[in-house]
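> Structure below; questions to follow.
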């Protein structure tokens, strides 16, 4: 990342994985209570920010399928601008590589990187807690990326506690299918009564003899998604022939963990050509963590 008084270049918006995802209840307003562990990855979209003196927020690159006015990046910048009353504006360039509808948190991470970067570029110096309270207005996953550490998440995903995770390499496989999150959450057969667990329960997996991620929990959405989307089911089966695997979020991406980059790359080399595969190392901290206190 490069930093100057008028621009911030090469700001990573890291992907996330849900190492497990349990749905423990449903609220009267339709939102679901969940428990999960969010894992940051050293892989994601890259954003570039250039200061404008006319107060305008503009996305200067096209993102297919995402109109500028509904882009979470633009919404995040305008939300921060309205909250603080700053006279500054910004041009935002987005190098988009994360697939949408994949369960990797791409749009949410882009929004969080925007809030963090503009907190620095616009010299706002808002504390992390204040940015998180803004972030929840943009989506349930956005506060996690502002939190900036791997986390045990509860509530609708906004109750976060830091959790230390070992370094791993991941192969993330995404079929050519978009899975709408709302469709999965509304499915009548979705499990909504998984027994709550604790951080201690999760950390105890480190001493388990079972091969990770089979050693703890499951993704409650995976059964519904694989029933509705044959392509996701095929990815899960293919990866399971190599090593234990699990879907992240509401899909469509599926991941497996490896001890080395070499092992992950070797598995990726065998992927069918119609699937998108990426090898990424785990992160312990968001690259822009220092942009809020």
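Each residue, glycine too, has its Cβ placed from N, Cα and C.
Dumping what Swiss-Prot says about this protein:
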ACT_SITE  16  active site
BINDING   99, 100, 101, 102, 103, 104, 105, 106, 107, 108, 109  ATP binding site
ACT_SITE  141  active site
> Beyond 99, 100, 101, 102, 103, 104, 105, 106, 107, 108, 109, what residues of that chain have CB atoms within 8 A of the centre of the ATP site's CB atoms?
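The answer, listed by sequence position, is 15, 98, 249.
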> Would you mind listing, in sequence order, the residues at least six apart from residue 101 (ATP binding site) in the same chain with a Cβ closer than 8 Å to its Cβ?
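Residue 101 (ATP binding site) has long-range Cβ partners 177, 178, 179, 180, 181, 251, 252.
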> Between the binding-site residues 99, 103, 105, 107, where is the Cβ count within 10 Å the lowest?
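With the binding-site residues 99, 103, 105, 107, fewest surrounding Cβ atoms within 10 Å: 99.
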> Same-chain residues six or more away whose CB lies under 8 A from the CB of residue 16 (active site)?
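Looking at Cβ-Cβ distances below 8 Å from residue 16 (active site), excluding near sequence neighbours, one finds 38, 39, 40, 41, 104, 105, 109, 141, 144, 145, 248.
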> Tell me, how many other CB atoms lie within 10 A of the CB of residue 141 (active site), whichever protein chain they belong to?
27
> Count the other Cβ atoms sitting within 10 Å of the Cβ of residue 109 (ATP binding site), across every protein chain shown.
27
